[in-house]
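S.K.: Handing you this structure, nothing more for now.
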Amino acid sequence: MAANLSRNGPALQEAYVRVVTEKSPTDWALFTYEGNSNDIRVAGTGEGGLEEMVEELNSGKVMYAFCRVKDPNSGLPKFVLINWTGEGVNDVRKGACASHVSTMASFLKGAHVTINARAEEDVEPECIMEKVAKASGANYSFHKESGRFQDVGPQAPVGSVYQKTNAVSEIKRVGKDSFWAKAEKEEENRRLEEKRRAEEAQRQLEQERRERELREAARREQRYQEQGGEASPQRTWEQQQEVVSRNRNEQESAVHPREIFKQKERAMSTTSISSPQPGKLRSPFLQKQLTQPETHFGREPAAAISRPRADLPAEEPAPSTPPCLVQAEEEAVYEEPPEQETFYEQPPLVQQQGAGSEHIDHHIQGQGLSGQGLCARALYDYQAADDTEISFDPENLITGIEVIDEGWWRGYGPDGHFGMFPANYVELIE
């Protein structure tokens, strides 16, 4: 708990004021606690100085002393605060009163020296005055006036400070000054000369560099003219960028699966001896279905027989077959077909024939698919990326399929165009 200064406040304040008043004979005041409480009370005051105050200290109590003494150096009044903790005070009380020191220091303001004492050796008057002397600042001594006016007797005349001029020393001094002035001037000239030479060397280097660049530019221009074309640095840079872009495109295209299939197809076309390009497959039975549906069943086997030969154009021909017969057969099978869109785009023409016609159409379609090689039905929509691929919609039929790779096949699309398509976009028809 904090120290209580309000209970005995007037008495405490009165004792403090009597000590700090310079004309008051009271020069010390002693404060302590009331029993084991935290209430501060006045233990005593006196006019006998430090010797009298020391005798009032009790070794079994916690006490606070505030004294007025004279500075031995300046003779000015100084105030000393002594925090006394007797040797007989128990540890619990010491711990409780340790926080009251700052409270008492705030109440007893103006102390020049603060002493924490526990034994009589710490509060001896000589020891206290020594600390006061050290706290007053520098250890100086004040001169005391022995007399305002003193007759010290006649004073001797003031001596002259005139010195005769020495010509030799003067000449030496002047010569020395001129020597240093000349040295400074020479140093300044040397620095200016070095600066001028550096600037001249820099200008010469710049001139040589410009001349060298002009000569190199002239040689390049002459070399370009000799090669038969005028080139500029911008054009050279553009050509380099074109080469880099072309190389990058070639590398990217070499990695793309579609380009791999294109290369395989070109290799197959160059190695084959006489493999004609597959043309658009003409469906004889479709044309005759639209014109003569009643006679279609009689001529369908011929178309079914000739279709497998069209689906395998790369088979090696028989050695005994002359080229003219092969050409004749190809012309018989590969005619310039009309657009096959009518087979898928115009189903109403067939539906107008009635229920009997629909049965005939399904039968004809089954016979046609059986003669067109491997067939598949589209599951998803796919749009061709270039002219080497085919486009189709869901439920479209793809005929004449060639399995050239695990992921990409080739076949005839709904429009009769032959090209590649992704294998996972279709399902095979058994």
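Each Cβ is built from the backbone N, Cα and C atoms, and glycine gets one as well.
Keep in mind the model is a prediction, meaning the values are calculated, not measured.
Straight from Swiss-Prot, here's the annotation block:
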- 176-231: coiled coil (COILED)
- 245-267: compositional bias 'Basic and acidic residues' (COMPBIAS)
- 371-430: domain 'SH3' (DOMAIN)
- T26: phosphothreonine (MOD_RES)
- S160: phosphoserine (MOD_RES)
- K176: N6-acetyllysine (MOD_RES)
- S232: phosphoserine (MOD_RES)
- S269: phosphoserine (MOD_RES)
- S272: phosphoserine (MOD_RES)
- S275: phosphoserine (MOD_RES)
- S283: phosphoserine (MOD_RES)
- K288: N6-acetyllysine (MOD_RES)
- T291: phosphothreonine (MOD_RES)
- Y334: phosphotyrosine (MOD_RES)
- Y344: phosphotyrosine (MOD_RES)
- 219-283: region 'Disordered' (REGION)
S.K.: Let me know the most crowded of the modified residues, choosing from T26, S160 and counting other Cβ atoms within 10 Å.
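M.R.: Ranked by Cβ atoms within 10 Å, first place goes to T26.
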S.K.: Along the coiled coil (176-231), what average pLDDT does this model show?
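M.R.: Averaged over the coiled coil (176-231), the predicted model reaches a pLDDT of 87.
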S.K.: How many helix, strand and coil residues does the domain 'SH3' (371-430) contain under DSSP?
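M.R.: The counts are 3 helix, 25 strand, 32 coil.
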S.K.: Could you say whether, by DSSP, S160 (phosphoserine) belongs to a helix, a strand or a coil region?
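M.R.: Its secondary structure by DSSP: coil.
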S.K.: Within 10 Å of the Cβ of K176 (N6-acetyllysine), how many other Cβ atoms can you find? Include all protein chains, please.
M.R.: 10
